[in-house]
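Peer 1: Got a structure for you, written out below as structure tokens; questions coming shortly.
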Amino acid sequence: MASFEHPYVPRDLELHGYVPCFLSQSEIVAPYLGISVVVVALVWILSGRVPKISGLDRLLMCWWAFTGLTHIILEGYFAFSPEFYKEKTPFFLAEVWKEYSKGDSRYAGRDSVIVTVEGVTAVIEGPACLLAIYAIATKKAYRHTLQLAICLGQLYGCLIYFITAFLEGDNFSTNQFYYWVYYIGANCWWILIPSLIARRSWKKINAAFQAEKKTKAN
């Protein structure tokens, strides 16, 4: 199979059968952002029909929809498509990962840690995020426990992601633009937002136990 010269770092990374992106950066990023906005807007509109639901819970439903579908569809494709960089057609999901690998070539190189983290995220955390939407909408008793568990999983995955890169030299980006926009920018939200949600759910769970304790004491 003919192989083109790849743009990734390190330059001696072997990618036999590599085929360059067919789509430009804007043709990849714009549809992804557009679809994400549509999903968030749709969930926001539909969540407005849920009786007695707060604006914050509606925002959380939007977040879980976005992150859940990202885990299942985007990360799921990566985890179970080891030869995405050989794709000879402008298949969108393959194009996304060819492009993102400019920010972290461990994806194109099928680093075992990355594949494991993304696989677990897609199979376990993705469906759990969608379950969180249902739990919030129906006010299930386990909704905060579930959200806390998902957040801890996402935070753990991000820590593994960043720490292993640091320990291996943190030299997997084509240039500084891709480093800050893709590697840092695209991933920092899965540290910031889960941290805030985890803190809120932790407080809610503690408050529930305190209320139960007072009830038993009386």
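The backbone N, Cα and C atoms fix where each Cβ goes, glycine too.
Worth saying up front: this structure is predicted, and the values here are computed from it rather than measured.
Among the features that TrEMBL reports, transmembrane segment is placed at 28-47, 59-80, 113-136, 148-167, 179-198. Among the features that TrEMBL reports, domain 'EXPERA' is placed at 56-198.
Quick one: how deep are these features, and who are their neighbours?
Peer 2: Distant neighbours of the transmembrane segment (113-136): 43, 53, 57, 60-61, 64-65, 67-72, 75-76, 78-80, 82, 104, 106-107, 142-143, 146-147, 149-150, 153-154, 157, 160-161, 164; these residues of the same chain sit at least 6 beyond its ends, with a Cβ under 8 Å from one of its Cβ atoms.
Packing against the transmembrane segment (148-167) from elsewhere in the chain are residues 64, 67, 104, 106, 113-114, 117, 120-121, 124-125, 128-129, 132, 183, 187, 190-191, 194-195, 197-198, 201-202, 205: each is 6 or more residues past its ends and has a CB under 8 Å from a CB in it.
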Peer 1: Residues sitting near the transmembrane segment (179-198): Cβ under 8 Å, six or more positions beyond its termini, same chain?
Peer 2: 60, 63, 67, 100, 102-104, 147-148, 150-152, 154-155, 157-158, 161-162, 165, 172-173
